[in-house]
Each structure stands twice: as structure tokens, then as C-alpha cells.
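Here's the structure, in C-alpha cells; my notes come after.
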């Protein structure tokens, strides 16, 4: 899930105490569903070739909040494509284990050993408050489905004293009432990954967990302490009733559904990164904030978009006869130096596909019975997966290769072996921990007490790594995403996931 974007922090700002009364307008995310398909907002772009491939901008929120507003041609493009790529492989157990490892302090170290005493005590006090409030924050529907407060708290904050400070900061920002209430329903990108797997599509990822994780771990200690302190200040102000959050997940959903997300982002900063430098900060803290801003812009936006774009290009050239559906955080397609810009510089024609425009079918394929939109995408009642104390089985069976070498129907080429996707075993035991338990939603973090630009995108990543035939966790890495896909604060991170049923998220 990111971030995973994987993970971008939501920029929140500290406002005068009197402004707090404005908090929590519940109807802000509501948007009237347009009667005509052509009136819906579209986050679909077509890569013009035969067969065509597509970019689709996702958002890291429960899919049920946005699904009815996604145009039919976007859903049809998903069905028509034989290969679906995400920022990260949200269904691969390796993603979970890699996230866990990335977030942990070196062996033998604990937070109490590395944090200043006053910050550690404030952090511990805040987590005790959250644990106390968790039963009150949960909805009757969540409790009715067997989700318990203690389980949920431990799934999110378990072993927090062993985590690196930067990940604790992100964790704190995912332990809010709004986020807790949203758990139990897959976020949009995870839902698409589950559907792709259910439909036996070949899937892959353009990024690896490490690519989203390492940039965050690359911040120096003083920068991380600055960010964690600002985060705790914000949460303490929220508890005291003196803080108003100007942009929330509800606002993000409204902008995504109603079609003004781009204008919101671009009106703040065309580069998608918030100018989170607060003029009220002391001079030295302003310098620290500027350093973080510069580092995150470079590592999490510009370098990432360039890397993802080149990996997409490599896939398109490797398999010219295959139709791809690339589902990345919508923030990757907005502003300057986007993934779209990278592909266009490489000579590809990429155009926006408005809602209501028919999808080009491309080369004729063997006739086969294909599910309809109504049967595939009928929203289902989400089921909560309760982890059992058993480990994931490492075995799996593989699907037949979807890519055939010209002139050889039996012998798979080396390229074919790269893109085989494992099929999840139907009898696999439940996982001990879930993807959402490990990713932290960056979208709603706020490191600097000042509102910045909302940025959608929740995942980040690194090197090109392709699985070999028979590779157990089969993490096909040719790029990645998350999605971190929400808002961006001083501390841009990944939104592949640590929040909803599986952000960052």
C-alpha cells in the first residue's frame, strides 16, 4: 500500500484556538453522484499503442468511499488489461516481512535508548491515551464483525518501542479516531490488487519496499527528532481542543470524487510538495524544515517519478504485445516532472481518457467468456480478516506464463520467467500480521504545524529486481508505488499503508 507512499504525510497546520470549533464537518466529503458517465471525474490515461496500456490514479482510502464515482471506462480498462502493475505488491508476504524489517531499530536497541527522555515520555503518554480511547472510537459495525480494540491497537502499535523514530512518528499519525473508524475495508489500490488476483491476471510491482523505506530511514537523527516533536505537539493540541485540521481524509475523498483534486494540488505547489516551511518557526528549526523539504522532494518525488517512468518504459518495450494497467497513486500524475512526463520524453503518446469515452480494444484476441463490470465490481460487504497465530506457508503454485516467445509455445524465455506471477494458495493459512498493520498512512501525518499541499501517492521504492522462475515470494520489482497517496506535510512519506484495512500506504 504509499507506501509503500507507499507514503506521504498529510500536512496539517496549527491554528488559533478559536478555530478549533470548525473541526469535523461530517458532510464535507459528500459529492453528488453524476447521472451521466461523461460527468464523472477521470484519473485514467491511455498509453497509445496496440494493444493500449493505461495509467490509473488511485487514492489510499476505503474503496467503498470512491468506487461509485470511478467511471466505467476505467473499470473496463482494468478488465481488458492482461497485466496489472502496482507500486508495491500488496498481496505478497514478502512485502509484509520487508516492511517489518525496515521499520525496526538495530538489534538490541529500543526507543527509550535513542529518544530524548522528554519526547519518549510524551510519546508513551499519548499512546496510553489512544489505547484508552480506542474502544470509544470503534464503530458498532467494526465490533459486530469481530474487530476488538485491543487487537486493533496491538496490530498498529505492537512492538512500538522497537521501531525507528521516523516510523513511530507515522504510526502516531495513523492512530486517530477517523483512521480507526475506517479500518476493516480495503483501500482502493489493495482492492484492485485483490480483484486482479481473483481474476487470475498477471500482476507485479514497479517498486520494492526498500525503495519506499530507505529514503525515510535516510533522514538524520536531528531531523527525525524535529519531526517527531512536531507530530506530538500537534496530537497534544488536538487533545486539548486547540488545533483545527483544515484538510482531512474526508476532504481528499471529496476532491477525488468531485474532480477538483488537481486544482487543489496545483493551487498550492505544482511540484506536489508542500511548502511546509512555517514562518513562525525559530530560525534553526526553519533550516531543519527546509533541509527535510529539499531531501524529500528529491528522494520521494523527482527521483521516484523518474524511476517509475523508466521501469514502465522497460515493461512496455519488453512486452509490446501485452496490455498493461498501471495503478499508481494519483499524485504521480499531477504537477511537474510526473510519470506521464517521463513517458512522453521517451517518445510515448499519453493522453487523458475522459469519463464516457469508449475504451479501444486493441488487437483481436481469442474469444473467451469474460466477466462483466456488474459481476466483477459489484461492491461486496467487506470481511475483516482476523489473524491467526500461524505463519504463512511459503509454498505456492504458479500460473501458466502469460507471455509467450514468438515461435516457441512450450519453452518459456528468460523474459517470460521474470513476469510469472504466483497464485495465492487457496488453502493458505491466515497471516499473523496484515499489510495494513505494518504500513503507516503518511497522508495524515503532519510534521510541521502548517498546512501544505495535499499529495496523493502512497508508496516509494528502489532497484529493479526481477524474480527468477520458481522464486517463492516472487516479488516482481520493476518499480513500485503506494501509494502513499494522500496529503503531504513537511514530512512527505509514503502512504502505502499502515492505516485502513491495508493502506499507505
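Positions of Cβ are set from backbone N, Cα and C atoms, glycine also.
What Swiss-Prot records for 419-428 is compositional bias 'Basic residues'. Look at Swiss-Prot and you will find 220, 229, 278, 336 tagged as N-linked glycosylation site. Annotated region 'Disordered' per Swiss-Prot: 389-428, in sequence order. What Swiss-Prot lists as signal peptide is 1-19. According to Swiss-Prot, the topological domain 'Extracellular' annotation covers 20-477, on the basis of sequence analysis. The topological domain 'Cytoplasmic' annotation in Swiss-Prot covers 499-505, and the record cites sequence analysis as its basis. For 478-498, the entry in Swiss-Prot reads transmembrane segment.
Overlay of Swiss-Prot annotations on the structure.
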| residue | record | CB count, 10 Å |
| --- | --- | --- |
| 220 | N-linked glycosylation site | 12 |
| 229 | N-linked glycosylation site | 19 |
| 336 | N-linked glycosylation site | 13 |
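Straight-line distance linking the Cα atoms of residue 220 (N-linked glycosylation site) and residue 229 (N-linked glycosylation site), rounded to a whole number, equals 14 Å. In the three-state DSSP scheme, residue 336 (N-linked glycosylation site) is classed as coil.
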